[in-house]
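As recorded in TrEMBL, the features of this protein are as follows:
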type     : residues                   : note
ACT_SITE : His86                      : active site, proton donor
BINDING  : Asp9, His11, Asp50, His183 : Mn(2+) 1 binding site
BINDING  : Asp50, Asn85, His150       : Mn(2+) 2 binding site
COMPBIAS : 366-378                    : compositional bias 'Basic and acidic residues'
COMPBIAS : 379-411                    : compositional bias 'Acidic residues'
DOMAIN   : 3-109                      : domain 'Calcineurin-like phosphoesterase'
REGION   : 366-444                    : region 'Disordered'
Amino acid sequence: MTRVIHTGDTHVGYAQYHSQVRRQDFLDAFGAVIDDSIDGDVDAVVHAGDLFHDRRPELPDLMGTISVLRRLDDADIPFLAVVGNHESTRGGQWLDLFERLGLATRLGDEPTVVGDTAFYGLDHVPVSRRDDLDYAFAGHGVDHAALVAHGLFEPFGYADWDTAEVLAESDIDFDAMLLGDNHKPDVAEVDDTWVTYPGSTERASASEREGRGYNLVTFGPDAAGGDDCVDIRRRALDTRPFAFVEVELHEGEGESRVRDRIREHDLADAVVLVDVTGGGDPVTPAAIETFATDEGALIARVNDRREVETDAEIEVSFADPEDAVRERLDGMDLSQAARDVEGAVRTDSIPDANVRETVKDRVEERIDDVAAFERVEPDDSEGDADENDADGDEGDTDESDADDDNADGNDADGGVTDEIGKDGEETNSGARDGDGQVSMEDYL
Ligand SMILES: [Mn+2]
């Protein structure tokens with residue numbers, strides 16, 4: 001019998017909303033998972049990638065992480081991990097540093113055996129380089145096996161990695177795939193193998209509404225009763241409270257109505273996210289945000305969606321202006337970096353208050369990638385044509401994603417960026433080796 005805690009997408013170092021308090025929250029969530037691991041005396045902690053929010057964590061993030069890993073090491077519990085897309089660097093990995101310090105084991109093609117279970121690792125690999133993977137893993141002599149991997153796997157949202165294919169091509173008969181990358185917790189069975197995401201440990205985007213947590217996974221004969229040898233249970237984490245306030249304004253209603261709706265929520269130390277829809281009077285987002293923080297919120301953001309809706313009504317009788325914009329953009333030879341910035345400014349899914357931060361982050365993400373700043377000639381190769389097509393799709397996706405965001409709070413913003421990320425990987429693969437940014441903007 002082997003009992004492990006399966007976690008991932010910790011995103012240590014993420015100063016969400018430029019908040020140092022939020023930055024500490026992400027580290028604290030990691031600490032809480034590790035404390036539970038020690039209290040529960042599990043056999044190992046399995047981390048499925050994105051321990052860090054980006055590939056250049058700052059010294060306090062590194063020192064804080066090392067302190068947490070030392071607590072685990074002092075309890076003689078191994079930390080087994082893979083590298084995610086957010087933290088991946090072109091040189092060595094941060095995980096290698098922790099391994100050198102004796103605080104972690106980087107999982108790979110060779111088995112790492114804990115009790116009666118062999119653990120293997122598959123780091124994030126960009127879409128463009130997945131055809132080269134042979135899924136060759138060395139054999140093991142124990143009863144159970146698990147693959148720890150970072151990527152968007154079937155059958156869950158935004159999947160671009162075929163789980164059935166991985167399982168079929170692999171030399172090992174895995175009992176479970178313990179995954180990271182998708183921040184939405186879920187579990188499914190694919191060809192008799194359990195496939196599960198524990199979700200992120202702090203809300204890294206407004207679309208992550210449900211409570212955060214991690215998985216407790218047990219391998220052993222009849223672990224789950226019957227003849228199933230894998231038992232997966234979700235455990236909740238106590239994280240920063242978020243208040244999601246949705247206000248539909250009607251004629252004659254304005255800021256006082258928005259304030260009333262905000263007051264209905266528990267604001268103490270919460271991140272308060274306000275969505276304004278409908279009609280009614282103009283409101284000043286900054287004034288409402290100040291009101292919420294005066295009432296005790298840690299951070300407040302107002303997203304007034306009404307302007308967009310009004311425009312859409314006018315546009316119906318004409319050719320779609322968004323199409324016209326896309327057509328014009330396609331003829332402008334814009335670099336991928338410029339397209340990222342243009343997309344951030346134009347999309348409906350990023351609140352105005354976050355555009356500045358989003359643009360900064362997107363440029364920072366690309367800053368080492370010279371090719372991303374080169375003009376892209378349209379229509380002179382298959383690759384570029386694909387890119388143009390994809391950009392058209394991206395615009396469409398933006399709109400539907402914004403709606404999704406309203407409707408069910410799924411990883412809507414991520415969908416948009418996934419398109420950008422895949423796009424870049426497929427058409428510009430060489431230059432973007434290693435940073436595989438599938439879902440950076442997911443977490444803005
Ligand atoms: Mn992540």
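Note: Cβ is positioned from N, Cα and C throughout, glycine not excepted.
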Helix, strand and coil totals (DSSP H, G, I; E, B; other) for the compositional bias 'Basic and acidic residues' (366-378): 5 helix, 0 strand, 8 coil
Where the C-beta lies under 6 angstroms from ligand 1, the matching binding-site residues among Asp9, Asp50, Asn85, His150: Asp9, Asp50
Binding-site residues near the residue listed as 'active site, proton donor', in sequence order, restricted to Asp9, His11, Asp50, His183 and a 10 Å Cα cut-off: Asp9, His11, Asp50
His150 (Mn(2+) 2 binding site) and His183 (Mn(2+) 1 binding site), distance between Cα atoms, whole Å: 11
Rounded distance in angstrom between the Cα atoms of Asp50 (Mn(2+) 1 binding site) and Asn85 (Mn(2+) 2 binding site): 7
Integer Cα-Cα distance in angstrom, Asn85 (Mn(2+) 2 binding site) to Asp9 (Mn(2+) 1 binding site): 10
Asp9 (Mn(2+) 1 binding site) to His150 (Mn(2+) 2 binding site) - Cα separation in whole Å: 9
